[in-house]
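Visitor: One structure, pasted below without further comment.
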Amino acid sequence: MACCIPDELKEQKRINQEIERQLKRDKRDARRELKLLLLGTGESGKSTFIKQMRIIHGAGYSDEDKRSHIKIVYQNIFMAMHAMIRAMDTLNIQYINPANRENGNMIRQIDYETVTTFDKPCVDAIISLWNDDGIQECYDRRREYQLTDSAKYYLDSVERISQQDYLPTLQDILRVRVPTTGIIEYPFDLDSIIFRMVDVGGQRSERRKWIHCFENVTSIMFLVALSEYDQVLVESDNENRMEESKALFRTIITYPWFQNSSVILFLNKKDLLEEKIMHSHLVDYFPEFDGPKKEASTAREFILKMFVELNPDPDKIIYSHFTCATDTENIRFVFAAVKDTILQLNLKEYNLV
């Protein structure tokens, strides 16, 4: 019997070693998932970024997926026109074509959240309204009320969108606005590593739900809409949107949960900034700006500096990119750089070497 003991011990040792190896494998496999938390205020472009990941690194959008967006595109058109019709009254702007007052009343009576079709009377009314110089003046003053960024894109495309065989394009899907409520996760596989992107609602009422997402975050991806420097909040019409974004960024980067998470700052909507800066001057909203007017590159560098200076930790690097979330090639290029940054920072932690 005594001679068997060493063999039993050997077998026990072998089993223990195998268990240890399996535990290490499990730990390694668990760590091959990177959690990327998308944060930012409402309408900064987080949901559009997720859609781009689906197009670039996922299955994309089938014809059935595209068809499921038809009524949401219709609703976005009605929602935009509703906002402008209301603003015509509040801003005291007159329709140039008197018939458009009646068209406005007709569209106003339709609850845009229940729209599922796009009938000819509505199509004709919306086209007539959009071509009215009064509505165009109202559109030019859009910073004085709440209007979605995609309003012009859709209203310029009403004839195409109203066709019976209409199938939304990828650009139509990217630009559609549906406020994120709750938490949306989108996992995708890249080079045998799972990137789990988590999008949370940006409006104030949604932010209390973020706390559940804070564990094991590899990287914070914080989106800022560059074009919001002259806009006010949906929730409060006397608070500047960019100031709100700065306050949120300051809070996020000082959270103890994110002490070991890398921070990547996306200064988004650079295309809208380039349009807007020609007639809306940054210095009117941020008096400390001393650069030239009508120069987008100087304006965006100033905005970047404002955010980077909110970082209290001199050892923490804020990685930054200027983006246009509706431009697939731009996001493809930027995310390739982001992926490399994240992997470089996590080589040892995630057993990638």
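The count begins at 1 with the first shown residue.
Glycine is treated like the rest: Cβ placed from N, Cα and C.
Residues annotated as GTP binding site in Swiss-Prot, with similarity to another entry given as evidence: 40-47, 174-180, 199-203, 268-271, ALA325. The feature Mg(2+) binding site is assigned by Swiss-Prot to SER47, THR180. Annotated domain 'G-alpha' per Swiss-Prot: 32-353, in sequence order, evidence recorded as sequence analysis. Annotation source Swiss-Prot lists S-palmitoyl cysteine at CYS3, CYS4, citing sequence analysis. Summarising the annotation, Swiss-Prot assigns region 'G1 motif' to 35-48 and lists sequence analysis as the type of evidence. Per Swiss-Prot, region 'G2 motif' is recorded for 172-180, and the stated evidence type is sequence analysis. Among the features that Swiss-Prot reports, region 'G3 motif' is placed at 195-204. Among the features that Swiss-Prot reports, region 'G4 motif' is placed at 264-271, with the record citing sequence analysis. Residues or ranges marked as region 'G5 motif' in Swiss-Prot: 323-328.
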Visitor: Rounded to the nearest angstrom, how far is the Cα of VAL200 (GTP binding site) from the Cα of SER47 (Mg(2+) binding site)?
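Guide: The Cα atom of SER47 (Mg(2+) binding site) is 9 Å away from the Cα atom of VAL200 (GTP binding site).
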Visitor: By DSSP, how many residues in the region 'G5 motif' (323-328) are helix, how many strand, and how many coil?
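Guide: Counting residues per DSSP class in the region 'G5 motif' (323-328), I get 1 helix, 0 strand, 5 coil.
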Visitor: Within the same chain, where does the region 'G2 motif' (172-180) have neighbours whose Cβ lies under 8 angstroms from its own Cβ atoms, ignoring anything closer than 6 residues to its ends? I mean 6 or more beyond.
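Guide: Counting only partners 6 or more residues beyond its ends, the region 'G2 motif' (172-180) has Cβ contacts under 8 Å with 42-43, 46-48, 51-52, 61, 66, 69, 72-73, 76, 79, 148-150, 153-154, 157, 161, 199-203, 206, 325-326, 328.
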Visitor: Express the distance between the Cα positions of LEU174 (GTP binding site) and THR180 (Mg(2+) binding site) as a whole number of Å.
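Guide: The Cα atom of LEU174 (GTP binding site) is 14 Å away from the Cα atom of THR180 (Mg(2+) binding site).
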Visitor: As a test of reading the model: what is the averaged pLDDT for the region 'G3 motif' (195-204)?
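Guide: For the region 'G3 motif' (195-204), the model's average pLDDT rounds to 77.
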Visitor: State the residues, same chain only, that lie 6 or more residues beyond the ends of the region 'G5 motif' (323-328) and have a CB under 8 A from a CB inside it; answer 'none' if no residue qualifies.
Guide: 45, 48-49, 52, 55-56, 170-171, 174-175, 223, 266-271, 334
Visitor: From the DSSP assignment alone, can you count helix, strand and coil residues within the region 'G2 motif' (172-180)?
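Guide: Counting residues by DSSP class gives 4 helix, 0 strand, 5 coil.
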Visitor: Taking the Cβ of VAL178 (GTP binding site) as the centre, how many other Cβ atoms fall within a 10 Å radius?
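Guide: Here the count is 10.
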Visitor: Let me spell it out: for each of the binding-site residues (LEU174, VAL200, ALA325), count the other Cβ atoms within 10 Å of that residue's Cβ, using every protein chain shown. Which one has the most?
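Guide: Of LEU174, VAL200, ALA325, the one with the most crowded Cβ is ALA325.
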Visitor: Please report the Cα separation of GLY40 (GTP binding site) and THR180 (Mg(2+) binding site) in Å, rounded to an integer.
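Guide: So the Cα of THR180 (Mg(2+) binding site) lies 12 Å away from that of GLY40 (GTP binding site).
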Visitor: Using the structure shown, find which entry in SER44, SER47, THR180, ASN268 (the binding-site residues) has the sparsest Cβ neighbourhood within 10 Å.
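Guide: Checked SER44, SER47, THR180, ASN268; of these binding-site residues, fewest Cβ neighbours within 10 Å: THR180.
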Visitor: By CA distance, which of the binding-site residues (SER44, VAL200, ASN268, ALA325) lies nearest to THR180 (Mg(2+) binding site)?
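Guide: Nearest listed residue in space: VAL200.
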Visitor: By a simple count, how many Cβ atoms lie within 10 Å of the Cβ of GLY40 (GTP binding site), its own Cβ left out?
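Guide: Excluding its own Cβ, GLY40 (GTP binding site) sees 24 Cβ atoms within 10 Å.
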Visitor: Give the helix, strand or coil assignment DSSP yields for GLY40 (GTP binding site).
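Guide: Assignment for GLY40 (GTP binding site) reads coil.
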